[in-house]
Amino acid sequence: MVIAIDGPAASGKGTLARRLAAYYGLPHLDTGLLYRAVGAIVLAQGQLQDEAASVEAARTLDVATLDPEALRTAELGEAASVVAARGGVRAALLDLQHRFAAQPGGAVLDGRDIGTVICPKAQAKLFVTASPEVRAERRHRELIGRGEDVAYETVLADIRKRDERDSARAAAPLVQADDAVLLDTSALDIAQAFAAALAIVEARRAGR
């Protein structure tokens, strides 16, 4: 079984993906980390605006070296949004994601284009969202908890900028797949959101 979870930044899709993967005993890939890793590489090289450098970084990326905690900074979130808008970067990471999804038994993937581009035939598709304000509150708490000194207003502006860039890009824009189920987590806590997501997946498994 392949479960595809898409949605904007800080919508809760990653948390739900990890919990669903643990529940079903499936491997999980946060595809956003791939773009954050590419962003980290070109930032370190001083080449964030160099498309060729970002494509090369994506082409040679080793998933085994990813450090999720180190990649979850506000700066790398912004860098990820920049490099993810480049068709060459997305193409370079496509095969890696396809191979992950094709594992025996299935997988859970979350990102921006899983249900539309990476796994269009996934058995269960969710589009997880929440209001920009709620998402900014969540991301702000996360960043403060990690020791980053950042204002809520800055995080909200960043969320809105990333939403616009993700939705407007030419390469695999953020859109809800026609057969994805919308899950708005604005008023839900983690337990409620997981219960709703699990119900959606179980309904799809039962053919409903």
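Each Cβ is built from the backbone N, Cα and C atoms, and glycine gets one as well.
The ATP binding site annotation in Swiss-Prot covers Gly7, Pro8, Ala9, Ala10, Ser11, Gly12, Lys13, Gly14, Thr15. According to its DSSP assignment, Ser11 (ATP binding site) is coil. All protein chains included, Ser11 (ATP binding site) registers 26 other Cβ atoms within 10 Å of its own Cβ.
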| field | Residues that sit under 8 angstroms from Thr15 (ATP binding site) by C-beta distance, when 6+ apart in the chain | value | Ile190, Ala193, Phe194
| query | For Gly7 (ATP binding site), what residues in its own chain, 6 or more apart in sequence, show a Cβ-Cβ distance under 8 Å? | reply | Lys13, Asp110, Arg112, Leu126, Phe127, Val128, Thr129, Leu174
| request: Could you check the binding-site residues Ala9, Lys13 and say which one's CB has the most other CB atoms within 10 Å? | output: Lys13
